[in-house]
């Protein structure tokens, strides 16, 4: 094969006349360029480390401070209050240094120390300022004078042109709430869900815990919070994600869909070429830390950026007791799956990223390849879809050496995984409901063997060139993947574009190395494990009842006329829909973020409250007047927003109780209260997909360029998982999941109730979809 010869830098043969040495200049050139690329990345990391290390100051400010100190010395002004003189005396006891040299060195040393002190003062001041969260609880649209002054001070101490990780050391630590406060909020959250006798029993357990065991566990948790960067995140990652022994497909991984109504080209290889290039451009901005940190409140309050570190070059590695996350600093290839074969594709040539047309060329070569899968190769990824222990044992037994290890390393150390899917998915006008549902299900689990579920992201390109992502959950949360996905869709359509015939712009390049097949030697025993895993995963996938639908009757624009939070509006609609569907209330999970704190991830908002229940019951009671319903709606919305703010500012319920439970396990003490709290099922699990880069899309000019967002599998066997994205002013997309095996749930039925609930609530305000009010 030609590519095999290109990979050899030199060859030699022994002849009677001596050694005949033949050099491959092209191979040597690529080796040289690869080395230069590696050193360039190291230099960029070193430079960024310095810039981030001195933030909120800048490296150039060191020169300003030092020059200022030395200049003041020449004017006989001592800014050091005698410290420079002390440094001067201790510099040279031998008398070999001239007086002028000692003065300059002393000035530089003092100036450097002063510069470091200024940096630390600014950083600490910024951390103190960012610890204030009173602005979040202010009335919407109103800002007090003190808050304006506080914002101005934050901007002063925030420096200029921050890089992706510039604010990390200035972010406050997640505070540990008081045990009594958490217990009190917990009891308030379950009050509407329990009968009187059950609530009294739980109250007794909670009060006993708050007085006796709770303070002891809290002491250890406080101790951890003093030395750990975040007292929750490492345990959350380990015990909620990595120690789970069940399948991560459906149960943990989630998916993202692309634009609903627009497909910019129908050439599969071309769409893959453009979007892979866009992903690589995004990866480059992350590697160079050029991505702007996300900031709230008019680009003032920074959020933690730590989760971007493992977006690429990352894979979850199975273990018998616990999994681990493997992240490599750099990866120069991707692995592509097509028709049962695995291909390794290099991403660089001549020291640069492959261009979109070159990537299209690579993808087309894979699509045109007629070779057959090796024994056991086609369904190999089913191991990543089923239980973790069989996969861990199989990996250790059959993939720890030889060609299997080399090929598995190529997959696990790839920048990301790509599937060129053989099916066609996406919105079809003749059958909109079934087509969108099929699209979502394909991204969630595919055929159970054509996604590498352990990779941080699996990028899927369907035969008709629709695209999507399946993401592993342990390394980061959905907003990180969402941010990438917004960039990819906008760059693909508005920046890169396509030629008139649907191909990527640019020319082919005959000199780039062709994709290479990964080689496997999978014995019969391993193939049996693969088939068993596939059977288990298929059973799980076939049980998923997934309904994804657009709601375009009204959107955020009309909801804002109600003077309420769009998220609170939708959450109350979900409560009303659930009651219509089930005839009862249930413990409800809404994901909130805690990225106002360093290494923060998520917190739970318990959306089913006494106030929301009162509103729902009023809506179901035909004797209740519209005025009464309206009043109860407002009260319920205010309560929900208050709970959301508490969760964002570190005063949530569930992460604190989870960590107390972990401490109790380490101490080998039993807590009936914690055990019961953590065993309560979330029969309605919800999450909003935030739109973070609104400047990338002009929905007034391009109304059809709306994203569908993404979704996840049901959390409880007899419950619903609901995800939604609010796009522009007039569009909301919902994803509802449940299990066919549950006689109580039906995702399509819940969807109908949700549509009706949205209409019922908007009617309270006398508004319709076409209202000019």
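Residue positions begin at 1 at the first shown residue.
Using the three backbone atoms N, Cα and C, a Cβ is placed for every residue, glycine included.
Residues annotated as active site, proton acceptor in Swiss-Prot: 473. DSSP assigns residue 473 (active site, proton acceptor) to coil in the three-state reduction, placing it in neither a helix nor a strand. For residue 473 (active site, proton acceptor), the number of other Cβ atoms no farther than 10 Å from its own Cβ, over all displayed protein chains, is 19.
Contacts of residue 557 (CoA binding site) defined by a Cβ separation under 8 A and a same-chain sequence distance of 6+ are given as 728, 729, 730, in order along the sequence. Look at Swiss-Prot and you will find 555, 556, 557, 558, 559, 560, 561, 562, 563, 564, 565, 566, 567 tagged as CoA binding site, backed by similarity to another entry.
Among the features that Swiss-Prot reports, (R)-carnitine binding site is placed at 589, 602. For residue 602 ((R)-carnitine binding site), the number of other Cβ atoms no farther than 10 Å from its own Cβ, over all displayed protein chains, is 22.
Here Swiss-Prot flags 2 as N-acetylalanine.
Remark: residue 282 (3'-nitrotyrosine) has 291, 484, 487, 488, 491 as non-local neighbours, by Cβ distance under 8 Å and separation of at least 6 in sequence. Annotated 3'-nitrotyrosine per Swiss-Prot: 282 (among others), in sequence order.
Counting every protein chain shown, 26 other Cβ atoms lie within 10 Å of the Cβ of residue 588 (phosphothreonine). Per Swiss-Prot, phosphothreonine is recorded for 588 (among others).
Annotated 3'-nitrotyrosine per Swiss-Prot: 589 (among others), in sequence order. In the three-state DSSP assignment, the secondary structure recorded for residue 589 ((R)-carnitine binding site) is strand. Listed in sequence order, 604, 605, 606, 607, 682, 684, 685, 686, 715 are the same-chain residues six or more apart from residue 589 ((R)-carnitine binding site) with CB atoms under 8 A from its CB.
Under the three-state DSSP scheme, residue 604 (phosphothreonine) falls in the strand class. There are 22 other Cβ atoms within 10 Å of the Cβ belonging to residue 604 (phosphothreonine). Per Swiss-Prot, phosphothreonine is recorded for 604 (among others), and the stated evidence type is similarity to another entry.
Sequence annotations record features per position, and here Swiss-Prot assigns phosphoserine to 741 (among others). DSSP assigns residue 741 (phosphoserine) to coil in the three-state reduction, outside any helix or strand. Every protein chain shown contributes to the tally, and the Cβ of residue 741 (phosphoserine) ends up with 13 other Cβ atoms within 10 Å.
Under a cutoff of 8 A between CB atoms, and with a sequence separation of 6+ in the same chain, the neighbours of residue 747 (phosphoserine) are 545, 546, 547, 720, 736, 737, 738. According to its DSSP assignment, residue 747 (phosphoserine) is helical. The feature phosphoserine is assigned by Swiss-Prot to 747 (among others).
Residues annotated as topological domain 'Cytoplasmic' in Swiss-Prot: 2-47 (among others). Restricting the average to the topological domain 'Cytoplasmic' (2-47) gives a pLDDT of 59.
Residues annotated as topological domain 'Mitochondrial intermembrane' in Swiss-Prot: 74-102. Within the chain, the topological domain 'Mitochondrial intermembrane' (74-102) has long-range Cβ neighbours (under 8 A, six or more residues past its boundaries) at 68, 109-110, 114.
If you look up Swiss-Prot, you'll see 123-773 (among others) marked as topological domain 'Cytoplasmic'.
Taken from Swiss-Prot, the feature transmembrane segment covers 48-73 (among others).
Among the features that Swiss-Prot reports, transmembrane segment is placed at 103-122 (among others).
Binding-site extent for CoA: residues 555, 556, 557, 558, 559, 560, 561, 562, 563, 564, 565, 566, 567, maximum pairwise Cα distance 14 Å (rounded to the nearest whole number).
Counting other CB atoms no more than 10 Å from each candidate's CB, the binding-site residues 561, 567 peak at 567. Through the fold, the transmembrane segment (103-122) approaches residues 54-57, 61-62, 65-70, 73, 79-80, 83-85, 87-88, 91, 97, 157, 159 of its own chain, all at least 6 residues removed from its boundaries and within a Cβ separation under 8 Å. In this structure, the CA atom of residue 588 (phosphothreonine) is 14 Å away from the CA atom of residue 567 (CoA binding site).
Straight-line distance linking the Cα atoms of residue 561 (CoA binding site) and residue 602 ((R)-carnitine binding site), rounded to a whole number, equals 30 Å. A gap of 26 Å separates the Cα atoms of residue 555 (CoA binding site) and residue 602 ((R)-carnitine binding site). Other than the site residues 555, 556, 557, 558, 559, 560, 561, 562, 563, 564, 565, 566, 567, same-chain residues with C-beta atoms no more than 8 angstroms from the centre of those residues' C-beta atoms, the CoA site, are 569. Mapped onto three states, the DSSP output places residue 567 (CoA binding site) in helix.
Nearest neighbour of residue 559 (CoA binding site) by Cα distance, taken over the recorded positions 473, 602, 741: 602. The two recorded residues residue 565 (CoA binding site) and residue 602 ((R)-carnitine binding site) have their Cα atoms spaced 20 Å from each other.
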